[in-house]
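Participant: Encoded as structure tokens, here's the structure I'll be asking about.
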């Protein structure tokens, strides 16, 4: 079966995760109850989530179950594009991706720059998290060839380009424009939510964002996510998915199809870090899987993304918490 190629363009950060009884107030010092140093960043997280969503969890030969070893059915190759600093964090981030067989030819090492770093404070009382990021090398990434789309996938034409705004906005807009010119599908997760040029929306096949981001970009109130989706579609987006937290996710297509997928019930929230990236990666993997078959059921893709995100928030951390294909099913 021929391979499919999925490219991710986005940030790579090392996450410093502090767990505390509560987040400190302004001017207050508190002791954390635990500290973890874990690879992260929206781009890196999404690449890992996409890989896991299209491959079964590795098993020892003794524990292998042929009924669950279905990775070969997906056969999706993942390519990561971004930048790290010339430091230990950068090496660890690339090693993490390589451990998942993700191609890192597009991950540039920027001399005399620090790798992106994110401080995550997890409130053990509510299990909510607060993030403070330093983008560092991420802000200096540029494609190897600004007029090529194959340079993002080691010479292959990607079936889907997933992009985040952890990379400078103008660079991402240029990547989306080139993809459109070459007839390549795109998925933009505009996080953080910077305003885009209106012509950029014509280059977006899938816009996946949360309700707060949808409000920021569209000017609609947070509660009016249907109006926000309609605004994006009028600007040229083909598929819009707005995540609604405990309410699930809303989707709308340029052809008029819309709906809501309910959130997974009875989920024990441990850590919400990485849930959004898991959603994006799983949705992207399912789109590429369906594209191979010549079909597109957006509700199914959103449902699987909700399932994967629910599995993620039941565990601590971002990448380690992301489910494999058989765990989603």
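All positions are counted from 1 along the displayed chain.
The backbone N, Cα and C atoms fix where each Cβ goes, and this holds for glycine too.
Unlike curated entries, TrEMBL annotations are predicted automatically.
Since we're looking at a predicted model, the values are computed, not measured.
Feature table excerpt (TrEMBL):
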ACT_SITE  277  active site, proton acceptor
BINDING   13, 14, 15, 41, 42, 43, 44, 45, 277  substrate binding site
BINDING   210, 243, 244, 245, 246, 247, 248, 276, 277  ATP binding site
BINDING   271, 273, 312, 315, 317  K(+) binding site
DOMAIN    5-324  domain 'Carbohydrate kinase PfkB'
Participant: What other residues of this chain sit with their CB within 8 A of the center of the CB atoms of 13, 14, 15, 41, 42, 43, 44, 45, 277, the recorded substrate site?
Facilitator: 10, 11, 12, 39, 40, 46, 116, 118, 166, 318, 319
Participant: Using residue 246 (ATP binding site) as the reference point, find which of the recorded positions 13, 42, 271, 277, 315 has the shortest Cα-to-Cα distance to it.
Facilitator: 271
Participant: Hey, of the binding-site residues listed (42, 315), which one tops the CB count within 10 A?
Facilitator: 42
Participant: Pop the Cα-Cα gap between residue 244 (ATP binding site) and residue 44 (substrate binding site) into the table, whole Å please.
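Facilitator: The Cα atom of residue 44 (substrate binding site) is 23 Å away from the Cα atom of residue 244 (ATP binding site).
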Participant: What number of additional C-beta atoms lies within 10 angstroms of the C-beta atom of residue 248 (ATP binding site)?
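Facilitator: Cβ-Cβ neighbours of residue 248 (ATP binding site) within 10 Å number 16.
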Participant: Rounded to a whole number, how many Å is the Cα of the residue listed as 'active site, proton acceptor' away from the Cα of residue 15 (substrate binding site)?
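Facilitator: About 14 Å separate the Cα atoms of these two residues.
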Participant: Please tell me which one of the binding-site residues listed here (244, 273, 317) sits closest to residue 42 (substrate binding site), measuring Cα to Cα?
Facilitator: 273
Participant: Mean pLDDT across the domain 'Carbohydrate kinase PfkB' (5-324), rounded to an integer, is what?
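Facilitator: That stretch averages a pLDDT of 91.
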Participant: Just name the most isolated of the binding-site residues 210, 246, going by other Cβ atoms within 10 Å of its Cβ.
Facilitator: 246
